[in-house]
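The active site, proton donor/acceptor feature in Swiss-Prot is assigned to Asp102, Lys201; the stated evidence is sequence analysis. Sequence annotations record features per position, and here Swiss-Prot assigns active site, schiff-base intermediate with acetaldehyde to Lys167.
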Amino acid sequence: MTELTAAAQRALTLMDLTTLNDDDTDEKVIALCRQANSPAGHTAAICIYPRFIPAARKALREQGTPDIRIATVTNFPHGNDDIEIALAETRAAIAYGADEVDVVFPYRALIAGNEQVGFELVKQCKQACLAANVLLKVIIETGELKQANLIRKASEIAINAGADFIKTSTGKVPVNATLESAELMMSVIRDMGVAKTVGFKPAGGVRTAEDALHYLQLADRILGEGWADARHFRFGASSLLASLLATLGHGAEPSGSGY
């Protein structure tokens, strides 16, 4: 097995296979559930809008893969600073049956100098998730924060407020996951001494098996080989799956773009 093939197999089991499109339907989400149960193994999770969770739960159960987790998004995609709305959306997502919630950090407030609202928003969403045994991922939107000091600060605030994962991006802005932002964020996890309890999720722009290999190499280098398991590392992606399957001998290499 080549290094690329091994990385492709590993990456497949770390995917949050995602559809977050305005034209999503129950049928499209059910098709996503089928894709998540691939010929080379199943993904860690799917990531969908909250209203589709019941249809996804039923589809995953009926196809015999109830262990594929269901992630959803809240305060998405704009990362507004209204804590009550973010909390209400998070509670609603939990009520729909989410296993994991990816909440958008109020990154514009941080850029404007307000660190407190982000801490409080994540803290309150974490309390709701903790009570329901739901994993909380915090999207800091690195492509909008841009500056290394802001990316580090948002990561630190999210972790201090209780994030189970820190995630790069919504996939809805011009610049999404990059290796540079990934290095900054995983270095914060290492430097804060929270590698046992906090994970990392690059999202948006991870499209090929080669891309996945580079992120996994980075994780191995910063946090140690073996750290990047499904409890500590996820890829938020859609088009990546076809590239991984092609690398593993299942189908042709895809063309075009995708999340």
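Including glycine, each Cβ sits where the backbone N, Cα and C put it.
Here the Cα atom of Asp102 (active site, proton donor/acceptor) is found 8 Å from that of Lys167 (active site, schiff-base intermediate with acetaldehyde). Over all protein chains present, the Cβ of Lys167 (active site, schiff-base intermediate with acetaldehyde) has 29 other Cβ atoms lying within 10 Å. Secondary structure at Lys201 (active site, proton donor/acceptor), as computed by DSSP, is strand. Around Lys201 (active site, proton donor/acceptor), the C-beta neighbours below 8 angstroms that are at least 6 residues distant in the chain are Asp16, Asp102, Lys137, Phe165, Ile166, Lys167, Thr168, Phe233, Arg234, Phe235, Gly236.
DSSP gives the residue listed as 'active site, schiff-base intermediate with acetaldehyde' a strand state.
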